[in-house]
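Residues annotated as domain 'Glutamyl/glutaminyl-tRNA synthetase class Ib catalytic' in TrEMBL: 4-238. Per TrEMBL, L-glutamate binding site is recorded for ARG5, PHE6, ALA7, PRO8, THR9, GLU41, TYR168, ARG186. Annotation source TrEMBL lists motif ''HIGH' region' at 8-18. Taken from TrEMBL, the feature Zn(2+) binding site covers CYS97, CYS99, TYR111, CYS115. The motif ''KMSKS' region' annotation in TrEMBL covers 224-228. Summarising the annotation, TrEMBL assigns ATP binding site to LYS227.
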Amino acid sequence: MYHGRFAPTPSGPLHLGSLVAAVGSYLDAHAHNGQWFVRIEDVDKPRAVPGAADTILRQLEDHGLTWHGEVIFQSDRDESYQDYINSLTSADCIYQCDCSRKAIRERGGIYDGYCRTRQPRPTPYALRYINSNPVNQFNDRALGVQLGDTSTCAEDFVVKRRDGLYAYQLAVVVDDIEQGITDIVRGSDLVVPSFWQLTLWQHIAKTEPRMMHLPLVTSNDGRKLSKQNHAPAINSQHASDNLLTALDYLGIDAHELSETRQIDEILAFAVQKWRKKWHITPA
């Protein structure tokens, strides 16, 4: 069965760009008669803004984007992440690294495996995955075949940070595998991390999900709408208009709904349009 998800970082409320990603993943799940989950990606605890997760969930509900099951919070899952770290350690797939970002830049900017054969040192260290079978291409349902930079794809990447926090690359893959995610639909700014994530998928699960990366919403100066760029929060009092705007960014012509302001009607219409646009035969 199709399992999709929307996984926002709680660093602030939803803006138009994140709403577009949420709507796209929601439509794809429902077009497949699948399930759509919500996960709060707060593994980077210092970035989490108090109250932001509740605001995001309320905004989703205000826009009719209801999810299946319980909301998963990464901040509650350290034990599970550590279990995978232990398994990787037992399989000799990770090693300690105390290289600073400055040192890596001075050696060319791509991590060169400098610490692979070094003896552990009594300093704060990260854990890196030995990337011996890197994924350097994948087929994206929206963008077609994606080819990664060979050196970057083959880099030994961090799975646990030197500050003790679990790395996003590990956490997102563990969560997706344990939730049975079959399809990942998200913004195209996450194409590059996909190569490392699919590498971990292959190592842990011996399979990988289907990928679909959506167009980004940009500001007038061409920058991606983001919380870091102070993108304004969506106003739930205009939920119907917000949905119609999101559909426009997703390439769905909603002019037939110009007089419709019922959220459930907009979403039902959009599911059918999405199914036709992407040639989906529901299960």
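Glycine too: its Cβ is placed from the backbone N, Cα and C atoms.
All features noted in TrEMBL, drawn onto the structure.
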residue: PHE6; record: L-glutamate binding site; Cβ neighbours (10 Å): 25
residue: ALA7; record: L-glutamate binding site; Cβ neighbours (10 Å): 22
residue: PRO8; record: L-glutamate binding site; Cβ neighbours (10 Å): 23
residue: THR9; record: L-glutamate binding site; Cβ neighbours (10 Å): 20
residue: GLU41; record: L-glutamate binding site; Cβ neighbours (10 Å): 22
residue: CYS97; record: Zn(2+) binding site; Cβ neighbours (10 Å): 21
residue: CYS99; record: Zn(2+) binding site; Cβ neighbours (10 Å): 18
residue: TYR111; record: Zn(2+) binding site; Cβ neighbours (10 Å): 22
residue: CYS115; record: Zn(2+) binding site; Cβ neighbours (10 Å): 19
residue: ARG186; record: L-glutamate binding site; Cβ neighbours (10 Å): 20
Cα-Cα, whole number of Å: CYS97 (Zn(2+) binding site) versus THR9 (L-glutamate binding site)?
27
What residues, ordered by sequence, lie under 8 A Cβ-to-Cβ from TYR168 (L-glutamate binding site) and sit at least six positions away in the same chain?
GLU41, VAL43, ASP44, PRO193
Set of same-chain residues at least 6 away whose C-beta sits under 8 angstroms from ARG5 (L-glutamate binding site):
SER25, TRP36, PHE37, VAL38, ARG39, ASP176, GLN179, ILE181, ILE184
Work out how many Å separate CYS99 (Zn(2+) binding site) and PRO8 (L-glutamate binding site) at their Cα atoms, rounded off.
30
Fill in the CA-CA distance, CYS115 (Zn(2+) binding site) to ALA7 (L-glutamate binding site), as an integer in Å.
33
